[in-house]
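Participant: After the structure tokens below, expect a handful of questions from me.
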Amino acid sequence: MSDVVLELPSDLRHELKEPLGRIYTDTAALLADAGDPIIAVGDMVTYHLIEAGRTPDLALVDERTERSAVDADVAAAIDGFDRTLSVDNPAATLTADLLAALRDGLDSDETTLLDVDGEEDLATLPAVLAAPAGASVVYGQPDEGMVLADCDDTARDRVRSLLERMDGDAERAIALVSN
């Protein structure tokens with residue numbers, strides 16, 4: 001059984017629809033504006049970055065997009081990482097394993113693919129909190145494009161507020177991703 005640290009309450013879901021940054025439909029334009037390192041959350045975002053010639057420093061994938069399996073060619077293209085870590089993370093949750101693996105991936109000098117059994121969507125929040133200054137977290141905004149979230153104080157404050165309003169132990173979640 002997964003060690004769930006935080007769970008998304010239904011009354012908070014609407015706030016997650018508001019993007020944490022600018023929305024892009026052009027990968028090259030996004031990459032021109034992105035900081036370093038780049039953390040990708042989602043299969044399609046990871047695929048588009050790789051296809052544009054930029055393997056993310058850390059990518060979190062679950063082999064699904066908008067609740068359907070990704071195409072075989074997309075899954076096959078998500079390759080070329082120095083290492084792969086696998087974790088369980090049920091939908092609408094953040095588990096201790098996912099949070100610890102996120103921190104591990106950020107601390108590594110190797111590109112890391114975090115293969116999530118379950119759902120990786122909420123990982124955007126702790127990724128913004130945990131990433132170093134100047135980093136960018138890229139994630140998908142359904143039917144709109146890719147969001148480029150800068151890891152600055154404004155974004156971190158918003159993310160911390162969201163995590164603190166989730167059900168569970170926000171202090172533990174924040175501690176697991178802090179360095």
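Quick reminder: no glycine exception, Cβ is built from N, Cα and C everywhere.
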Participant: With Asp43, Val45, Glu120, Asp143 listed by Swiss-Prot as binding GTP, identify the candidate in Asp26, Asp62, Asp104, Asp157 belonging to that site.
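Facilitator: Answer, per Swiss-Prot (GTP site with Asp43, Val45, Glu120, Asp143), from Asp26, Asp62, Asp104, Asp157: Asp62.
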Participant: Going by DSSP, is Asp62 (GTP binding site) part of a helix, a strand, or coil?
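Facilitator: Note: Asp62 (GTP binding site) is coil by DSSP, not helix or strand.
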Participant: Near Asp62 (GTP binding site), how many other Cβ atoms are within 10 Å of its Cβ?
Facilitator: 21
Participant: Within a 10 Å radius around the Cβ, which one of these binding-site residues has the most neighbouring Cβ atoms: Asp43, Glu120, Asp143?
Facilitator: Glu120
Participant: Max Cα distance spanning Asp43, Val45, Asp62, Glu120, Asp143 (GTP binders), Å?
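Facilitator: Max Cα-Cα spread across the GTP binders: 19 Å.
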